[in-house]
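This report concerns only the one structure given below.
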Amino acid sequence: VLSSADKNNIKATWDKIGSHAGEYGAEALERTFISFPTTKTYFPHFDLSHGSAQVKAHGKKVADALTLAVGHLEDLPNALSALSDLHAYKLRVDPVNFKLLSHCLLVTLACHHPAEFTPAVHSALDKFFSAVSTVLTSKYR
């Protein structure tokens with residue numbers, strides 16, 4: 001459960017990320033593909049090389065979904081319902097991959113914003129990514 005302090009930290013961090021969200025999303029995807037090669041199996045039709053336009057475009061989709069979630073912290077299930085359906089019924093993404101991407105998102109944000117990445121912010125973002133992952137996998141059951 002996200003506390004009010006967590007929500008404030010998430011919103012403040014996302015405000016600082018601003019126009020870099022798509023760039024960070026792509027970087028986190030690249031980190032995921034390099035660190036956890038099995039995640040590549042969901043993207044057989046993508047050029048997964050560094051700087052690929054397809055990875056950048058998907059990174060922007062990830063960032064846009066997270067931006068949507070930040071704007072709906074009080075009701076993540078409704079805000080992410082369509083994405084949950086997509087990942088559960090059409091894409092059939094193994095739920096563990098959300099944890100792997102979440103970890104890579106945390107690393108990416110920490111690298112770009114080390115001064116702002118306090119323990120409280122780290123904890124809030126970790127809880128947020130976990131909550132988003134839970135919603136995205138909720139329809140698997």
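Glycine is treated like the rest: Cβ placed from N, Cα and C.
The model shown is predicted, which means the values in this text are computed figures rather than measured ones.
Going by Swiss-Prot, these are the annotated features:
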type	residues	note
BINDING	H58	O2 binding site
BINDING	H87	heme b binding site
DOMAIN	1-141	domain 'Globin'
MOD_RES	S3	phosphoserine
MOD_RES	K7	N6-succinyllysine
MOD_RES	K11	N6-succinyllysine
MOD_RES	K16	N6-acetyllysine
MOD_RES	K16	N6-succinyllysine
MOD_RES	Y24	phosphotyrosine
MOD_RES	S35	phosphoserine
MOD_RES	S49	phosphoserine
MOD_RES	S102	phosphoserine
MOD_RES	T134	phosphothreonine
MOD_RES	T137	phosphothreonine
MOD_RES	S138	phosphoserine
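Feature map: annotations from Swiss-Prot on the structure.
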residue	record	CB count, 10 Å
S3	phosphoserine	11
K7	N6-succinyllysine	16
K16	N6-acetyllysine	13
S35	phosphoserine	12
S49	phosphoserine	10
H58	O2 binding site	17
H87	heme b binding site	22
T134	phosphothreonine	15
T137	phosphothreonine	19
S138	phosphoserine	15
Would you count the other C-beta atoms found within 10 angstroms of the C-beta of K11 (N6-succinyllysine) for me?
14
I'd like to know the mean pLDDT over the domain 'Globin' (1-141).
95
Under 8 Å by Cβ from S102 (phosphoserine), counting only residues of that chain that are 6 or more apart:
D126, F129, S130, V132, S133
Number of other Cβ atoms within 10 Å of the Cβ of Y24 (phosphotyrosine) across all protein chains:
21
Given the modified residues K16, Y24, S35, state which is nearest to K7 (N6-succinyllysine) when distance is taken between Cα atoms.
K16
Top Cα neighbour of K11 (N6-succinyllysine) in the set of recorded positions S3, S35, S49, H87, T137:
S3
Where DSSP helix means H, G or I and strand means E or B, what are the helix, strand and coil counts for the domain 'Globin' (1-141)?
110 helix, 0 strand, 31 coil
Using only C-alpha positions, which one of Y24, S35, H87, T134, S138 is spatially nearest S3 (phosphoserine)? These are the recorded positions in the record.
T134
